């Protein structure tokens, strides 16, 4: 005992003998631990012995029963046993209930349990903090419980721990293992010493550092609070908590032994170390650095360090790298988007790559748009690479990236999809399986719509038939802004329109793409092309100054004065249904709040149409000065506006004009000041006024309305004022002219239709094709096989079979390719007339010569093969080889022979002239093609850079953007990448996509898509006034300037004069020029390549060889019998360079170079048509062609055939083209 006597010091003032009492604290913990362990083991032993004894007694009773003796005694003996078992069962049931209740309380299954678990952990951390505070005091000191505040708090904490220990003990299934748990050991060495401290008024720091082991449960607590959800985060917290708790616990033990000293040394070898110095010592020990500034002096401390360095070093070497790896692998873009007040944001997902993102951002954030106050949030499950990350950093003010998936609702919540303005889904255009890519995007749409049904979604689709699956989503609503941009539909639609008007695909692609203006000083074709490229398509509401005027009048005024080109409006019918009308004609009047579609260089220019005021801007010549004015014009009725416009155009005073009513005369001064109308068009205003008066049930006009509406004889005559409302078309005699039992159009009236044909009936052998004179047709060269993905050839054929073409105007389509592939596509093509198939390969010159490729209007080269080749340049190898193969072919002047030797013979398809009373008829006389380089070709490319291989005579750099290359500018190449701009264009204005689809697809509507989704085929319908009225829509054509009423403007005239003349006279809206590439050169050139000029300025000078892009009205008078046309002779023939859409308008004056035969024939036709015009109604559409028939073409003479054989291998007998002339 003398060893335990120490001198009295200030550290132990309460013991005059200086005796330490640390053993009392340690003994309380040891007695508790070992005493409880002994009781548990004793209980288990007694229970085991009792079970063994009972088991032996039961066996003896069973043996007695088997022996058959003592049944009565056995029954009597069993009675008290049964009662005892019932008591035990009742007792067990009560204990089980208490045990279950305790288990629920500590398992965090209920709110009370979660609160209890979190509270215990928080109090454990609080007790550890109290230990940190007390560690600055001596290891053992006298403390008065009633005066020491920290001891009181620690006492309260430990009482709570004791109660929680009791709950845990009750809920434990195995008491022995519970007694040996880490948390139980912590309680044994921390709770009893506190009660000893209160009893002895003495404090011993002791083993209270063991409370740091409670940190191991930190991850469980965070999981209870639903803070940790991912495996990586749980693992990271586990590793950190184990490492920190071990570190702090070991530091506490070193602090205890070093400040106390060794007991066998009478505590004389102690050293004063703070707790945090011990923490530092343990860290340098685990890291094997060992600076030596702090070290253990006691034997216990050194012994502990020997064993700790083994485990600590292993833990440090394994845990620390893993922790660093988890922190390093933590998602860099795993945060959440914080919405900015007053700023919209969109979510872009799907195929996120450097190419797709850069193309999207370049168009979305283009400077020509108004200030884009939209933040772009990209969401993708793969972190961006360095290049893409650099792109995001360059646009960090408007772009954010988050790593995640739209299929995960948690990730959708992170990007605030519920408050997003729209969600855009990008598709991988170069994937190997388009159907799988579409399925992925459809699943993305389903996930987003399931999370937030009201979100607007714009998605890219690769295959047209997959659009039908979007209609199955209940919350998908195209009326609310949801749009699906089908790349195959638009791509093939663009190519189809190029078959009708070469170069149109380039012009339309440039219109909805944002391009910066590149100024070139040299007088080259690039200068004029790039000036047109700078134009884009915009929408803006029209000023109230245009209300009441006809569309052509407003279009002319806007073009001449505002320097804008308006091509369409959003028209609201009497039923308040909105529809987009493209160049509708005189019958449509501008309403209040009408939305116009303009072609301009930037959005600021389009504002002129909204700000325009007749009172303030009438005398302004510079359109840039047209800005918002401050005057307030009183509103006038539509009738008064048209009255004033009519009187002003007549050139009379308002009081002398016969069309002025008294009410208008009385207020003339006021009206002139409020709305001084300028001259627009006499015919337009007077016609509009008469039509308006006819509709009003007032006495404005004494004329009575005619039952049939009255049709003008002018070329731009409309069938009726409200021709877009088919229900207003009267007259039973019109229906009598139609055969109600014949189906010539589909059920919507938008496309030509015929009964389904078997593919065997349209297959041509090479000999049959060679013996058939095909001309003015479309040759489609397609590469594909049985395994190739379908590209949807229906989207290519539908625009070429639009109902706004008359039957005899339809171009015959010949497919050249693998029959196995075309069989798979035929299901969607068998309802279209004038389609043939030549099995073969586009690389075979024999097949190409058999289909008369030198006489075609357009050759389309497509590929359905998805080439997964590492070298991107090889992706288009088939299309490039086919294009170069055709361009290197040589042909004889067979058409020249026909022109020179045959005056009464016209091959099928060559004579597609319209009747003389049509505003547009006649074809260009062009020299026939003798080299394949002059054949009109459009080639589809996958990789933009491969465009350099199409033209060998150009000097395009491989890094040049596609729209700057010569093949694209000339309209001979098209790549699907140009359609990327439609995503941003559709977001800013969904009407743009509707307009593009209306122009490109030939009239596809959401109703038609729903029908195709049901049946996957067009359904024939009977001709009714409602369906026939759908034919009355404009189409794109090309107008030649070498002849006709515009010939005087073709030689040095102004484009603006041509624009106004064509609009006034024929209701044709011009919007571009297709000019020879070398037309600007002073010396004549043999090059036949042309390039596109979009929306030239008013004063742009024309040349005679120009072809003008125009929107032409549907010609009701052109529907003549094909039989009469096939027997009429015509002096001009179509060339393979110009299609039937390239028109020449003949002048009313007789030209000296016209033959007498032509003059007499024209007079006869005019007389016949005038007589027929009195009987036919406006929609009498080829009733003679109602029944299918074949036209037999008479054989040529032997002399004629021999001459043709010198140039081309053609039989003297020309059989009828199978299904070519089959008019369904």
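A Cβ is built for glycine as well, from the same backbone N, Cα and C atoms used for every other residue.
All annotation found in TrEMBL is predicted automatically rather than curated by experts.
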Looking at 20-43, 44-67, which stretch does TrEMBL describe as transmembrane segment?
20-43
According to TrEMBL, which listed range is transmembrane segment: 77-95, 96-114, 115-133?
115-133
For the record in TrEMBL, which of the ranges 153-171, 172-190, 191-209 is the transmembrane segment one?
153-171
Tell me which of 214-235, 236-257 corresponds to the transmembrane segment entry in TrEMBL.
236-257
Which stretch, out of 273-291, 330-348, is listed as transmembrane segment by TrEMBL?
273-291
Same-chain Cβ contacts of the transmembrane segment (153-171) under 8 Å, 6 or more residues past its ends?
98-99, 102-103, 105-107, 116, 119-120, 123-124, 126-127, 130, 145, 178, 183-184, 187, 190-191, 194-195, 198
By a Cβ-Cβ criterion of under 8 Å, what residues six or more beyond either terminus of the transmembrane segment (273-291) are in contact with it?
132, 135-136, 247-248, 250-252, 254-255, 258-259, 305, 308-309, 312-313, 315-316
What same-chain residues lie close to the transmembrane segment (236-257): Cβ under 8 Å, and 6 or more beyond its ends?
128, 131, 135, 139, 205-210, 212-219, 222, 228, 273-275, 278-279, 281-283, 286, 296, 298, 300-301, 304-305, 308, 312, 315, 319-320, 322-323, 326-327, 330
For the domain 'RCK N-terminal' (343-485), what are the DSSP-based totals of helix, strand and coil residues?
57 helix, 32 strand, 54 coil
